[in-house]
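First comes the structure, then the notes that go with it.
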Amino acid sequence: STMRKRKTTDSPHLSTDLKEEEKLKLKQEVGLISGVSLIAGTMIGSGIFMSPEWVLHHMGSPASSLIIWAACGLLAMFGALSYAELGTIIKESGGEYIYILRIFGSFPAFLFAYTSVILVRPAGLAAVCLSFAEYAVAPFYPGCASPQVVVKCTAAACILLLTIINCLNVRLATSVMNIFTAVKLLALLVIVVGGLILLAKGQTQSFQNAFQNTNAGIGAVGVAFYQGLWSYDGWNNLNYVTEELKKPEVTLPRAVMIAIPLVTCLYLLVNVSYLAAMTPSELLSSGAVAVAWGDKVLGSWAWLISLAVALSTFGSSNGTFFSGGRVCYIAAREGHMPDILSMAHVRCLTPSPALLFTSAMSLIMVISGSFTSIVNFFSFIAWLFYGMTISGLLYLKIKKPELPRSYKVPIIFPIIVLMAAVYLVLAPIIDQPQLENLYIVLFIFSGIILYFPLVHFKCHPRFLQRVTLHLQLLLEVASTT
């Protein structure tokens, strides 16, 4: 019956009679609160509980590490406001992919989609789920390292649970996001208040000679930015679901202006709290900074921090999964991915095939991935494409100022973000070139092999149509076009 419905809606004779409310499309169910939750909830994940020691390690001093955290927040704010203008000019879901497609054309957009769908998004989701698993299983193995098999199985279970939630209902997914955002904000407030109490008691030894041992090397600053910006990753997530926003021209800029300053202030206060509770050397040897802070400050209640971190990373992975599946869905809708990935479930109205594909790729990453290796690799690719997207906005501002837009960002903001993107991509390569960066570039350009036969010349094997048909019946999905 599903296929019969689809044939009816695809028929040119009957499509004009179809009522607007009966058309198959994703619902506009993301309001301002859910928008703020999607940005803040995705940003506040594992990073703030794991990255501070690495930022301090690369920068060498407490004051310089705090400057990096503030600069990362400012950069995320400038980037998000620039994206908000893009979102009011190009009112389509898909984030960087749809902007690159509309401004630069099909080929660079395909390379982005190919890299993002197969590598970047699944790797990011896998990293967050692995960190969730580390904290979730830690209480069951006191005094020793958790077995990797248990950690990876827990991460896989997390991915499967997220798949079910996001495939069932958009409202359910956003409700989960809102609840977990509230929980993680509460956890961060506990750390902030604890730190302020310690400062009031005079524990300020970490802030004496705070710039001593600062490392100002070009590569060290770049890698420190990578670690800090990992904690801010998610500042652009609302642009992936523009079509599902209520009044996107208003909701998008407002959500950005509320969420990112809130997260930046919290991150700075949390870092101050860590440094109030521990000396820099203690922080560097802590392993899990938040847990070490809990042991020092909360004593027997330290288990609350482990629980809060686990809940925080679960909420963050839900936000990453929610937006990541949309990139896959939009790319397929534009003809850059198999047709089946552009379809939506006929009853749940969710892009379930795209979500299932993202889930499958993330499970593969979990089997072989580790948290620390993914962060630098993820950041290198991400800022490469962020830079391309921001250069597209500058092109539109200079060459096409007449385009209607309900929000305009000062031109200096995208210029700063573009300069930062160039620095973040080139600095680590110039200072400490690594073979992994060459592999990443080769992987991106390997998309050429697929682009010309499958997208440009549209050479589609006939058996793929039969496979798509069977998958439609199995998954109960239909085209939204």
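In case you wondered, yes, glycine gets a Cβ from its N, Cα and C as well.
The transmembrane segment annotation in TrEMBL covers 30-51, 63-84, 96-117, 153-173, 179-200, 255-277, 297-316, 353-371, 377-396, 408-426, 438-457.
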Any contact, the transmembrane segment (96-117) to the transmembrane segment (377-396), with at least 3 Cβ pairs under 8 A: yes
Result, the transmembrane segment (153-173) in contact with the transmembrane segment (179-200) (3+ CB pairs under 8 Å): no
Stretch with greatest number of CB pairs under 8 Å, the transmembrane segment (377-396) reference, 255-277, 353-371, 408-426, 438-457 candidates: 408-426
The transmembrane segment (353-371) touching the transmembrane segment (153-173) per 3+ Cβ pairs under 8 Å rule: yes
Close approaches to the transmembrane segment (255-277) from elsewhere in its chain (Cβ under 8 angstroms; 6 or more beyond its ends): 32, 35-36, 38-40, 43-44, 48, 52, 62, 65-66, 69-70, 73-74, 76-77, 80-81, 83-84, 185, 188-189, 191-192, 194-196, 198-199, 203-204, 206-207, 231-232, 235, 238, 283, 289, 293, 296-297
Other parts of the chain folded back onto the transmembrane segment (408-426), taken as Cβ under 8 Å at six or more residues beyond its ends: 75, 78-79, 81-82, 84-85, 222, 225-226, 229, 379-380, 383-384, 386-387, 390-391, 393-394, 397
Same-chain residues at least 6 beyond the ends of the transmembrane segment (63-84) whose Cβ lies under 8 Å from its Cβ atoms: 39, 43, 52, 55-56, 95, 207, 210-211, 214-216, 221, 224-225, 228-229, 231-232, 235-236, 239, 252-253, 256-257, 260-261, 263-264, 267-268, 271-272, 386, 389-390, 393, 407, 409, 413-414, 416-417, 420
